[in-house]
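**Q** Can you read through this structure? Questions will come right after.
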Number of protein chains: 2
Amino acid sequence: MIDLFIIKVGGNVIDNPELLQTFLDKFAAIPGKKILIHGGGKIATRIGDQLGIKSNYVDGRRITDAATIDLVTMVYGGLVNKQLVAQLQARSCNAIGLTGADANIIPAEKRPVKEIDYGFVGDVQPDMLQTGPLKALLEAGVTPVFAPLTHDGNGQMLNTNADTIASSLAIALSDRYQVRLIYCFEKKGVLSDPNDDNAVINLINKEIYQQLLENKVLSDGILPKLQNAFGAIGNGVKEVLIGHADDVLSNTTGTVAGTLIC
Amino acid sequence: MIDLFIIKVGGNVIDNPELLQTFLDKFAAIPGKKILIHGGGKIATRIGDQLGIKSNYVDGRRITDAATIDLVTMVYGGLVNKQLVAQLQARSCNAIGLTGADANIIPAEKRPVKEIDYGFVGDVQPDMLQTGPLKALLEAGVTPVFAPLTHDGNGQMLNTNADTIASSLAIALSDRYQVRLIYCFEKKGVLSDPNDDNAVINLINKEIYQQLLENKVLSDGILPKLQNAFGAIGNGVKEVLIGHADDVLSNTTGTVAGTLIC
């Protein structure tokens, strides 16, 4: 019996006021314990442009320089996060906005410089997560809402992948809860035919996953999500669900839409 | 026996890197339960200027328009708040950054429009404070750090006076804790001679306060702080201490520097 829902929503929903309102309605309606992890969205780029902070790419990878980490701390950790909290409060969902620095919940390491210096990007240290205060909040009926930020323990905030924060929290909280980790994205689920948006594979287990890999059915975009999902399953998370926000939040018991990984 | 310190620090310390480091060292060193409330500082004005958001005044009072509430949510609730959290974490102080919207701790009402429309400014609703999750955090050894922001319960963030947040929290938490509320400011304390920075009055009780008022000894600037202080004392707060951060945080037991109000 699932007793904790951990839901990651991406920038595409954050950026779209209509999608966001629908998402928040559905999220707030989920009964029981839940955690939201939100991505960034394009608003940081827009505000950065106005402040003369250029998006910086090396080999197609985004670099987080000193100006950019301050920008995303401000926009993701402040504006986006607190607006989500206020809007969830308006829906009687008792949200609390956090980053990984808060209560030292998600310690991270600044990514080591190899071929590329990613700047102030944090790699989560999965064994170091501090879940005590987080559990106290959940038990007090509060819903944590995480911005995609962590810290290095030496006073520096770090930009961190929201998918990774979601799976790390799911794994760390599996010692106490039966966790369903839900990744909301643009598609209805994992597709058996990348050109047919309705060709959703409803269930993937290890055997089916191997078969899909061998038959080269999966698109490049979905592979990291599935690896992440099986990583979570292999570390105690009960279920991972991938699909469109409209579907995957509607039915939290019984049959589910999207792709269930278990 | 004081068992909770609630400390308000103003923008003048936030704006000055050296003062801030000293302040954080002293704050982190306070043993036991504590809460920090920080003011804004000039960084919001600086970033607002870059974004073309003008500071707006009517009759010398600052107005918080729609662009400005987003600006301060971003800068105070994001940048300043999370940098303080990360820097306290680096000092082994397990800080958590919050606004009044988080866990609905400080519900507020948008200030009614009378002669002046202050815009998105929140007046704290003292009887509505939700201290349950806050107490859970304090009991878990976590140190809440509040930005000067609240919300209206309908999805809107509100700009709110940090002194008022500090006294409201102190009053609301007095049902469980023996609270010392500390206001850090530029002077060493309440002065018996405004031209002599060393003429600190060490103790003010109701009788002395009346006497000081009758003798017109007090400067205009200190009057709201003293009214705030006696309001807190009259509502269960054990002690209020007013003085310079260098002095008032150094000695949390025994004799204290600054002006003690009780």
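Cβ atoms here come from the backbone N, Cα and C positions, even for glycine.
I grabbed these lines from TrEMBL:
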{"type": "BINDING", "residues": "A:Gly40, A:Gly41, A:Arg62, A:Asn159", "note": "substrate binding site"}
{"type": "SITE", "residues": "A:Lys8", "note": "site 'Transition state stabilizer'"}
{"type": "SITE", "residues": "A:Lys225", "note": "site 'Transition state stabilizer'"}
**Q** Between A:Lys8, A:Arg62, A:Lys225, which of the recorded positions has its C-beta surrounded by the fewest other C-beta atoms within 10 Å?
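**A** Among the recorded positions A:Lys8, A:Arg62, A:Lys225, the lowest count of other Cβ atoms within 10 Å belongs to A:Arg62.
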**Q** Taking Cα atoms as reference points, rank the recorded positions A:Arg62, A:Asn159, A:Lys225 by distance from A:Lys8 (site 'Transition state stabilizer') and give the first.
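**A** Nearest candidate: A:Lys225.
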**Q** Taking 8 Å from the centroid of the Cβ atoms of A:Gly40, A:Gly41, A:Arg62, A:Asn159 as the cut-off, which other residues in that chain fall inside it around the substrate site?
**A** A:Gly11, A:Gly39, A:Ala44, A:Val72, A:Tyr76, A:Pro148
**Q** Report the largest Cα to Cα distance, in Å and rounded to a whole number, among the residues A:Gly40, A:Gly41, A:Arg62, A:Asn159 that the record lists as binding substrate.
**A** 14
**Q** What is the interatomic distance between the Cα atoms of A:Lys225 (site 'Transition state stabilizer') and A:Gly40 (substrate binding site), given in whole Å?
**A** 18
**Q** Which residues does A:Gly41 (substrate binding site) neighbour through Cβ under 8 Å, counting only same-chain ones at least six apart?
**A** A:Gly11, A:Asn12, A:Ile14, A:Asp15, A:Val80
